[in-house]
Amino acid sequence: MFMMLKNKVAIVTGGTRGIGFAVVKKFIENGAAVSLWGSRQETVDQALEQLKELYPDAKISGKYPSLKDTAQVTAMINQVKEEFGAVDILVNNAGISQSTSFYNYQPEEFQKIVDLNVTAVFNCSQAAAKIMKEQGGGVILNTSSMVSIYGQPSGCGYPASKFAVNGLTKSLARELGCDNIRVNAVAPGITRTDMVAALPEAVIKPLIATIPLGRVGEPEDIANAFLFLASDMASYVTGEILSVDGAARS
C-alpha cells in the first residue's frame with residue numbers, strides 16, 4: 001500500500017472528533033506519526049483509546065494545551081519534536097462557531113471566537129514554523145469554511161474569524177515560502193459532524209437542495225483534501241484556500 005505521509009510527523013489540533021479525528025485517522029493510515037490535540041484530557045484520552053484499537057502499531061500521542069497560551073503551545077510543540085524527532089505537518093483545526101445575531105452579540109463572545117479561531121492558529125503556526133525552518137521545510141494547513149467567502153446571516157464572528165484565517169494562510173505562504181514551508185487551507189461546506197447531525201430534517205433538506213452533488217460532505221471527504229495538501233503530491237501548492245463543498249456555492 002502506498003503511504004503518502006510515510007515517516008512524517010503531524011500535529012492536529014481539534015483532533016478528537018469530527019473533521020479533526022477523520023484527519024488524524026487518514027494521516028495514520030498513510031504512515032504518519034500523529035499528535036492529536038484537544039481541549040480536555042478526557043476527550044483526548046478517549047480518542048487515543050479508539051485509535052490504539054484501530055491502529056495498534058501507530059505512533060500517536062495526545063495533548064491538551066490552551067491554544068491561546070503561547071508558552072503552552074510552544075512547550076507542547078517542542079515536546080512533539082522530542083517524542084517523534086520532527087514536526088513536519090501542522091493542521092490547525094481547532095475552532096468554535098456561534099449563531100448569535102449581530103444585535104445580541106456580546107464582546108466577550110466575539111473575543112472567544114477570535115481567540116480560538118485566529119489567535120490559536122497564529123500561535124501554533126509560529127511555534128511550528130520555527131522548527132520547520134530549522135528542519136528545512138514543512139506544511140501548515142488551516143481549517144477555514146465556505147462561510148468565510150460567502151458569509152452567513154447570523155453568528156458573524158465565525159465567518160469573520162475564518163476570513164482572517166484565509167488572510168493569514170495567504171500571507172504566511174508568501175512569507176514562509178523561502179523556508180520551504182507550504183501553507184494552505186481547506187474550506188469545508190456542510191459536513192456531517194455532530195453539530196450538523198443534530199439539526200432537524202426540516203433544516204437539513206433545504207441545505208442539501210443547494211448542493212449540486214445532492215449530499216452533505218462526510219468528514220472523510222474533508223480529510224482527503226487535507227491528506228493531498230499535506231503530501232508531496234501538493235509540493236507546488238501553497239497559499240490556496242481549497243473549497244470542499246460539493247459545488248454548493250460555485
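Using N, Cα and C of the backbone, Cβ positions are placed for all residues, glycine too.
Now, the feature entries from Swiss-Prot:
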BINDING   ASN93, TYR158, LYS162  NADP(+) binding site
ACT_SITE  TYR158  active site, proton acceptor
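Listed in chain order, the residues near the NADP(+) site other than ASN93, TYR158, LYS162 are GLY95, SER97, ASN117, THR143, SER144, SER145, SER148, SER161, VAL165, each with its Cβ within 8 Å of the site Cβ centroid. Within 10 Å of the C-beta of TYR158 (NADP(+) binding site) we count 22 further C-beta atoms, all protein chains included. Other Cβ atoms within 10 Å of the Cβ of ASN93 (NADP(+) binding site) number 26 in total over all chains. Long-range Cβ neighbours of LYS162 (NADP(+) binding site) (same chain, at least 6 residues apart, Cβ-Cβ under 8 Å): ASN117, SER144, SER145, VAL147, SER148, ALA187.
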